[in-house]
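What follows is a short report on a single structure.
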């Protein structure tokens, strides 16, 4: 039956006996032993191959010569695999000979048969040493149950080494189904849901569950809105504006956002904000002004960093929520690491230090990524101080890191967004095009389920969204009246997106079935 030519399926690609065999395996692994046995009987297909059944019988009965002959006769075995499984068999065989007091036979096997496997002298010596140690441990308790248990363990080890069709990989049917589902998800441009995928039909998400319509417009800012960022728990949104204020908004259960705190203390436009990883603190930075630390719950300013003329381009937190770094466009300031009390812990500065335009710390805290002098990205391993440099051909305006710490994106004024790997293995980035960016700072972000999407603002007043696998946008969202400076995807609500614009508003985007809310 194993070599039966019968195929099934519309395209005739599936061998019937293999299909039945993996179904039988699945029934047994799910605990439906009676059903599995019944299918074996009715189909004439056995879950276990003839070679495997023979090996099981020989090993459990201690027929080592027969076991060795069977393994040598299996044609599908590569020489290296055959040597590995025979090595395990000889190990058990030698142990039992020694336990049984047949030292002469054990020595003969060790001298004559094991070296033929060409496993190397060191492995043979290690085998001899381990057998002696095992013998000393097992002699006092070597009853039939112990020997039987060792033989069962040997069968389990062989099962991980022997290839198909002798042994089926574990849970083969589940693996095949998951592979098919994964392929369908990968080809789905709008996949953005954590709901389990149904097997009853091919998977294809519609855009109905994707943020494509404005569901709320926030109008509290009195001037251009430059920056928005959701908290890490997805329960708050912070925004900053050229009206010299920042606002903290609360995300309600129904998806609406309500005003929580107006942060007034800066004397100049507030260029950006940064949430601490534990979401209890918020940093705000004035344009060519001080950096301020706020308590999220009370909305009070806890500390002010720097003085008048302090030039900070960006800042980022470390995972402990106790330290952060800030970069300056003033080369003399460089990059500083501070604690929340204003104590400088570490600094990277000097005459050769270029100005820092943007920076980020990977969520795992391992790498500090900086945009230097428009055209250069530096990735510093904080622990080892190892550094890699990635050059770009066009000026970089902003930087964003993925939640898994593996990737980052940069916006270029050449109207491209580049995706790089943090590990530095890629020689070329993935590129995304379609939006407009010539002269302003435009910020983009990762978002959606598994950070599968990239969203960006644009100088033509629209929001662009790409699936990371495709260079062209899958959605272009209209609604703003002027340049969209920044976008941010809610990290917990994958269907919620926020955008900030020069038209003085923040738009909250959601699925098309949502009702518009005007605040």
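Any Cβ shown, glycine's included, is placed from N, Cα and C.
Taken verbatim from TrEMBL:
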DOMAIN    48-105  domain 'CTLH'
REPEAT    218-251  repeat 'WD'
REPEAT    263-304  repeat 'WD'
REPEAT    477-519  repeat 'WD'
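Residue counts for the repeat 'WD' (263-304) by DSSP state, with H, G and I taken as helix and E and B as strand, are 0 helix, 23 strand, 19 coil. With DSSP states grouped into helix (H, G, I), strand (E, B) and coil, the domain 'CTLH' (48-105) comes out at 46 helix, 0 strand, 12 coil. Each residue of the repeat 'WD' (218-251) gets a DSSP state, and the totals for helix, strand and coil are 0 helix, 20 strand, 14 coil.
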